Amino acid sequence: MSCLTTVALSLTMFLVGLVGPIQAQLQMNFYANTCPNAEKIVQDFVSNHISNAPSLAAALLRMHFHDCFVRGCDGSVLINSTSGNAERDAAPNLTVRGFGFIDAIKAVLEAQCPGIVSCADIIALASRDAIVFTGGPSWSVPTGRRDGRISNASEALANIPPPTSNFTNLQTLFANQGLDLKDLVLLSGAHTIGVSHCSSFTNRLYNFTGRGDQDPALDSEYAANLKSRKCPSLNDNTTIVEMDPGSRKTFDLSYYQLLIKRRGLFQSDSALTTNPTTLSNINQILKGSVNGFFSEFAKSMEKMGRINVKTGSAGVVRKQCSVANS
């Protein structure tokens, strides 16, 4: 082979290398030709069922978050493991709900367009649609994600920010995913809807530093109320508590108002007020309108939905979301 031929071949391979990733990026209406009704099928399913279980909106949003923070948005949080070591077996995911809901949507899509729509895209679309149908913000969801086949509990434990996080831990875990402090504040705003279990925060009430004490950063009146009416002991693992009391069904600014009053439920909520940048972001949100918050939240959701996505020849389309090699 001549030098000229070698150079030409190298240049061709280089150009192919450039074109490949560009073609493989997420795009709006990715399934327009292969499954034209895909997004409407998801939307209709959510519309027809979310009214029967509106709390699923927060659950699906949480699932999307937990999925994207481990190996990117690749649907790996959905995988079942016979040995109990998949992502959904990790402590942060033991209270994640909505697996059956995603499986049901997948079944409808498989009947219409076998092997076309990824489980990762279903999570992204369904979480957005559920929030919209319960009165929350909308955001663009470009599609074309492929599914992963690897799901490790240890990776979920290492990468999903726990509710006991301090500011440094939050900053690090978000930065690891390419998310900045503004994204941290905005995405935490999802705590304006939904519920938690006492076990996620009772250390703040009963044993904050291991000496049977209470977190001094938590408003004392709020803490007393939680102790007397919600979580009477450190070992309560079943009681459900609103993350945004009195407003848990409404996507609004109430969560941020509570943070300023030192009434954020989790230590990770309280941590947002300990840094001047995030505190400033909170105050800016509160000075604005709900629509302004919706717009900024949408930008961070779109950004999160692109974390380490698998596209093109990377990844697969699993026919059963819970089975790695389906």
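The backbone N, Cα and C atoms fix where each Cβ goes, glycine too.
Here the structure is a predicted model, which means the values were calculated and not measured.
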Using the record from TrEMBL, pick out the residue from Cys35, Cys73 that is joined to Cys68 by a disulfide.
Cys73
Per TrEMBL, the disulfide partner of Cys321, chosen from Cys113, Cys119, Cys198:
Cys119
If you pull up TrEMBL, which of Cys113, Cys198 shows a disulphide to Cys35?
Cys113
Give me the CA-CA distance between Gly72 (Ca(2+) 1 binding site) and His191 (heme b binding site), in Å, as a whole number.
21
Sort the recorded positions Arg62, His66, His191 by C-alpha distance from Asp74 (Ca(2+) 1 binding site) and give me just the closest.
His66
For the recorded positions His66, Gly72, Asp74, His191, which Cβ has the most other Cβ atoms within 10 Å, all shown protein chains included?
Asp74
Neighbourhood of the Ca(2+) 1 site (Asp67, Val70, Gly72, Asp74, Ser76, Glu87): other residues with Cβ within 8 Å of the Cβ centroid, in order?
His66, Cys68, Phe69, Arg71, Cys73, Gly75, Val77, Ala120, Gly148, Ser151
Across all chains shown, how many C-beta atoms besides its own are within 10 angstroms of the C-beta of Glu87 (Ca(2+) 1 binding site)?
29
